[in-house]
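Just below is one structure, and these are the notes that go with it.
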Amino acid sequence: MGSQATTYHMAMYPWFGVGHLTGFFRLANKLAGKGHRISFLIPKNTQSKLESFNLHPHLISFVPIVVPSIPGLPPGAETTSDVPFPSTHLLMEAMDKTQNDIEIILKDLKVDVVFYDFTHWLPSLARKIGIKSVFYSTISPLMHGYALSPERRVVGKQLTEADMMKAPASFPDPSIKLHAHEARGFTARTVMKFGGDITFFDRIFTAVSESDGLAYSTCREIEGQFCDYIETQFQKPVLLAGPALPVPSKSTMEQKWSDWLGKFKEGSVIYCAFGSECTLRKDKFQELLWGLELTGMPFFAALKPPFETESVEAAIPEELKEKIQGRGIVHGEWVQQQLFLQHPSVGCFVSHCGWASLSEALVNDCQIVLLPQVGDQIINARIMSVSLKVGVEVEKGEEDGVFSRESVCKAVKAVMDEKSEIGREVRGNHDKLRGFLMNADLDSKYMDSFNQKLQDLLG
């Protein structure tokens, strides 16, 4: 079983979040590149959205899943992009109700191992039918170490806001901390039910602690100390697939955007994007735009319409429209983010700190401004600003978490000023990290190690 030629049949059943589906599929492509066969379990109408990502159609096959109907869940909803954020717990409840179907499918497929994330019941199901289970996380191991460490769990004691503001006792980097408003949000998730009668934290803790192994898309050079911490705390082997870097885009930028960006000098444009699932309140949306305007730089903001607003145009104050005419675009639809970040006119990226977006930023020249909104985005921002020092985080109120237009402007100007100490530091660190990440042998090195550890686990 130790031979490098050993191949396996693997199943994958990720949470129905768009970022989770694409993250798992990225790993599927890497594993198929090693000769493994992958059965990818996915809601039947969502399959078409991932087919173009399949680099190994002879080894990766889709297994359609019917998402059960749940009271309150929109008809036909299959992923988080189909439901409003407050209703995602209903989608989780629907996913939990696929348990019997998944057992039948896994028995029929006769797989060797199943990769999963939010389905905390899958490890026990896998054991029952004699297969291994690996928890694969699309978020940082630092996040799991900070928030889920067994060190934090005391029987009969509820985690408090004060507990969450500081790292666990033996955490390798005590400088990583949460602000009061962030800790409040994390603490709320320890009691918030997420799909049936289980809290979000208990769901993830069970999913991690019941697994046979833990897998992450990162590298030791960036998060090695946190991977070691998790391995020690959970007593599970940790498999690293290397950083989740974007596959180079084969498409070309829409002509209208290329023409617009081409009007400005190299490295002068701010690109701001908050992902496909992040929706801001109207006041935050407007304050962010005022902050971009205050920099005096041209900007392109790709943002979803704020809550209770039909379009981005309707949410922009008339005074602001006048001020940004000719140098600012606010766009409410999807754009080709990789191509924007690669464009020579773009010099700054204001991000909500989703890991996929940050990965795209790290392999490009643009400077990074961090404006996290929820959950793992907050920890991602600390990795970038505190551990790696490759970006600057927008200052917020300690208690209320509110940012101002002035704080947005200040962060942008800090990273864009090549003569300032902060500007020089983040640029230098970013350049070094980009050089490391672009090493052609990096991915194959990590996947060789991942493959060997997987063989050890299954052997």
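Heads up, the Cβ atoms here are built off N, Cα and C, so glycines get one too.
For the UDP-alpha-D-glucose site, Swiss-Prot lists VAL335, GLN337, HIS352, TRP355, SER357, GLU360, ASP376, GLN377; matching the candidates THR138, THR160, THR187 against that entry yields THR138. With respect to Cβ neighbours within 10 Å, the binding-site residues GLU360, GLY375 differ, and GLY375 shows the lowest count. There are 25 other CB atoms within 10 A of the CB of ASP117 (active site, charge relay), with all protein chains counted.
Of the candidate recorded positions, HIS20, ASP117, GLY375, the one lying closest to GLN337 (UDP-alpha-D-glucose binding site) when CA atoms are compared is HIS20. Figure note: comparing Cβ neighbours within 10 Å for the binding-site residues THR138, GLN337, the maximum is reached by THR138. Within the set of recorded positions (HIS20, TRP355, GLN377), the lowest number of other Cβ atoms found within 10 Å of a Cβ is recorded at HIS20. TRP355 (UDP-alpha-D-glucose binding site) sits 11 Å from HIS20 (active site, proton acceptor), taking the C-alpha atoms as the reference points. Note on proximity: among HIS20, ASP117, GLY375, the recorded positions of the record, the Cα nearest THR138 (UDP-alpha-D-glucose binding site) is that of HIS20.
In this structure, the CA atom of HIS20 (active site, proton acceptor) is 16 Å away from the CA atom of GLU360 (UDP-alpha-D-glucose binding site).
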